[in-house]
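**Student:** Annotations for this protein, taken from TrEMBL, read as follows:
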type: REGION; residues: 45-133; note: region 'Disordered'
type: COMPBIAS; residues: 50-62; note: compositional bias 'Pro residues'
type: COMPBIAS; residues: 69-84; note: compositional bias 'Low complexity'
type: COMPBIAS; residues: 91-111; note: compositional bias 'Polar residues'
type: BINDING; residues: Cys206, His221, His377, Cys381; note: Zn(2+) binding site
Amino acid sequence: MCSSNAKVTMGVEITPAVARINGRPVLQPTCNRVPTFERLNSLKKTASKPLPPPPPPLPPPTSANKTNKASPPLSPKSKSPRLLAIKRGSDANSLNSSSEKVVIPRSNTKTPALERKKSKSFKESSGGSGALSSSIEASLSYSSSLIVEAPGSFAAVRREQMALQHAQRKMRIAHYGRSKSARFESKVVPVDSSITAKTDEEEKRCSFITANSDPIYVAYHDEEWGVPVHDDKMLFELLVLSGAQVGSDWTSILKKRQDFRDAFAGFDAEIVANITEKQMLSISAEYGIEISRVRGVVDNSKRILEIKEEFGSLDRYIWTFVNNKPISNGYKFGHKIPVKTSKSETISKDMVRRGFRLVGPTMVHSFMQAVGLANDHLITCHRHLPCTLMAARRPAEAQADQ
């Protein structure tokens, strides 16, 4: 009785109470539903069943097993069969080991070997004469569309052909000697001698003198720049011009050189030192020179008079810094020429101490180049050697004067 009642109760399905809002049923998610008794019993039965034991793994294949397997005989020309990848079993409970491999041999169908369709001329040349040149010419007689062999065979024939050509070329050179190519000889154009001489003359100058340089600047380079100067008026003039070209260029200053001479009475220091303020203003307005520069020239002329009283001349004061011997520099390239040196800094400091104006190290170095205290012509310039020789004659003359 109890068992029958239990069965009856086991078959009864208990459904959860449906929630209602305002008298209307509301859907419940599946996670909130209570499973029936049958579903619970089935879950319990499946959970209580023990899992079957796993089958024993297959023994690893040995050499004897491999030989016992039926496999077609392999020819020496065919490649060895390639092993396939591991095939996994579909059973979820079975254990897949790395030794479970399925080997499927390749089919016995033999692929036909690729052959080269040779022309008639090739067969005749290879069968008849054994000369290398004739076989090469015959092998090149068939078209490239008939080549069906693996790539590289034609390259080997080509290499043999090129080796033969090089050998023949060496024999011709050994017999006839090397000859110049006609295509290069035809392009040779005769050069005018005047153009060549002009080009050589331009190349001999310093690198900052170019074909576009102004003729007045070229003349200054060829005649004055680097030449030792010992005249007080010329030293005063180049001191003023060197200060004026700072922030400008030598070409512009050289074009106004005559205006500077007229404005400052030929650079006579005694006359310039007596110029009044009114005259300075008129000079600035008439010649277009800045008033500050005019005042600086007048002040420097007064300092020059003081130096003459102490040293006797401006020439003796200036050349004392280099011991009456110009500094000859051997620069090969224009960009190696400095804008100032330790010597120019020394002279600048002494002149500033004495009250000179507009005499910085860069300006003093430019002044040293202009008056020949430093020979900065490049060694490739045609003016380097003459300036050096003139500098060598100066110490002998100075000793004779003393």
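Note that Cβ sites are derived from N, Cα and C of the backbone, with glycine treated the same way.
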**Student:** Here are the binding-site residues: His221, His377. Which has the lowest count of other Cβ atoms within 10 Å?
**Tutor:** His221
**Student:** Quick check: which same-chain residues outside Cys206, His221, His377, Cys381 lie with their CB within 8 A of the centre of the Zn(2+) site CB atoms?
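**Tutor:** Here the non-site neighbours turn out to be Arg205, Phe208, Ile209, Trp225, Gly226, Asp376, Leu378, His382, Arg383, His384.
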**Student:** With every protein chain in view, what's the tally of Cβ atoms within 10 Å of the Cβ of Cys381 (Zn(2+) binding site), excluding that atom itself?
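**Tutor:** So the Cβ neighbour count for Cys381 (Zn(2+) binding site) comes to 22.
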**Student:** Using Cβ-Cβ distances, find the residues under 8 Å from Cys206 (Zn(2+) binding site) that belong to the same chain and are at least 6 apart in sequence, listing them in sequence order.
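**Tutor:** Result: His221, Gly334, His377, Leu378, Cys381, Arg383.
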